[in-house]
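Peer 1: So TrEMBL says this about it:
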ACT_SITE  472  active site, proton donor/acceptor
DISULFID  122-146  disulfide bond
DOMAIN    38-160  domain 'FZ'
DOMAIN    186-502  domain 'Peptidase M14'
REGION    595-629  region 'Disordered'
SIGNAL    1-24  signal peptide
């Protein structure tokens, strides 16, 4: 094609130079197409500290609330609310709500146009976060009105949370030439951990998925990867297992072991490993590598070899998460002395909710309500031993005192399942890490080691059906990277062997005479004062050591059924024991009632694991208007900081 005439070329250049750049998409005619959700404006640098992590760098005045300067915005009650939402809601919905509010107070400005945030993002957050506002008796903020300040996707809106998700969505390619089964034995940042888990779930999509159980105080997702023949579904009589790492942020070995385990399970399943295929086809496994991602960031900033013994141990609220669960062990000791009283499935006491409860702790408790876990392990660092409940001494003044549960034999069996195949735990040298536990077989009753309250393992056992042990993986809490492969080799078989023990004991289904499942039926074992309950589908799992057991099934309105069960010593697959309950007549019901569960509200916002009404909500009093017309507890804070009284926060 010949070059254009000089005059024509000059004309083209002049027109091109005269046409301004386009920040938005051009239409087929080449014209700049401005979406309906953009308004003309003068862009300025975004300088609000509370909004410094927004996904954009420029804003404009006046904003969507007609604030005309930085000074006006920073003095407003709306801005003050955004800056303290973190503390008010105890980390819930953070930083999502703050970024949503920033999209209104400091709207996004690009190329002389203001972009409006998406309405569906606002509506989704309101559905999730409204209960948190209700809990502190606060109205939903008017400036987060999803219809007034937000717009539709087809009008060209943007996602104000895109930066929050952005760094986690992109995949991280493996070095060229490496097979997809390759495991990088290194420390993983939060973003790297999320990418690895999501990539693993994508590779094994038919047997794996990732999901979040909540957020940390600083807003990081508590991400779980699940392995099952039907991810996302509870299957009848398929036991549920959870493994949790990094409850203390500076104890990082467990975090890495679970990241490696996820990749190993996926790869070996795809390679046809019969053991792994059998395990995943008969068990639902949930891995939470990091329960305390905020604390990990503190520890990782110091790095392996430089990390202090306690730096990063706590969460961002400076709470030790393994001391933050309800103390049900004290209540157990009281009930154990009362003849006929139930000492299992103990409710959470009201006073617990008036203390400082971490969002990470709440997320774990709610998770335990929604899934009928049977077995669990919490992975720690600082020593080399497996401990089991109770962790709190039956005599509170005793710092070290053997304090067994009614399932002492089973807990020892579970602990040995881990320790007996761990090469270093079985090393006969007393000079090694954990050598002082050698004579005990590298397992110990928690309270006999040292006593403490508020632990996660005791809570699992006393509030749900779940049996949890604690594994200390080594004396170095933040091991150097070159030690990680050896740690994995030492713990791989122990992790697999432990998960497989969920198939010890008995399992079955409890139904009525018409074959309808009976949920919340109690399964009792004579001589063991600790009952478990059936799941909504009527299925149950009762971990039991070898021997002869008398098992009783009972439920309100039904006659109890008693069966004799023999569990051989070498039996490694749960025996099936079903129960068919016959309805009682009109006379007195032959059922041991035990503790009464009452109260219309659940502090965790969901049905309890028992499927019955849970303890009364201690926050309910805050939700009701007071008889004397007084304001909620947070009101004085806002009125002291601003001349504007934010009455829009009041519900009554």
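Positions of Cβ are set from backbone N, Cα and C atoms, glycine also.
TrEMBL: automatically predicted annotations, no manual curation.
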Peer 1: Mind looking up the mean pLDDT for the domain 'FZ' (38-160) in the predicted model?
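Peer 2: Taking every residue in the domain 'FZ' (38-160) and averaging pLDDT yields 87.
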Peer 1: Just checking, which of 122, 146 (disulfide-bonded residues) has the fewest C-beta atoms within 10 Å of its C-beta?
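Peer 2: Sparsest of the disulfide-bonded residues 122, 146 by Cβ contacts within 10 Å: 146.
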Peer 1: Can you tell me how many other Cβ atoms are located within 10 Å of the Cβ belonging to the residue listed as 'active site, proton donor/acceptor'?
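Peer 2: Around the Cβ of the residue listed as 'active site, proton donor/acceptor', 26 other Cβ atoms lie within 10 Å.
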Peer 1: Can you give me the Cα-Cα distance between the residue listed as 'active site, proton donor/acceptor' and residue 146 (disulfide bond) in Å, rounded to a whole number?
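Peer 2: Given the Cα positions, the residue listed as 'active site, proton donor/acceptor' is 48 Å from residue 146 (disulfide bond).
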Peer 1: Using DSSP, tally how many residues of the domain 'FZ' (38-160) sit in helix, strand and coil.
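Peer 2: Across the domain 'FZ' (38-160), the residues distribute as 54 helix, 17 strand, 52 coil.
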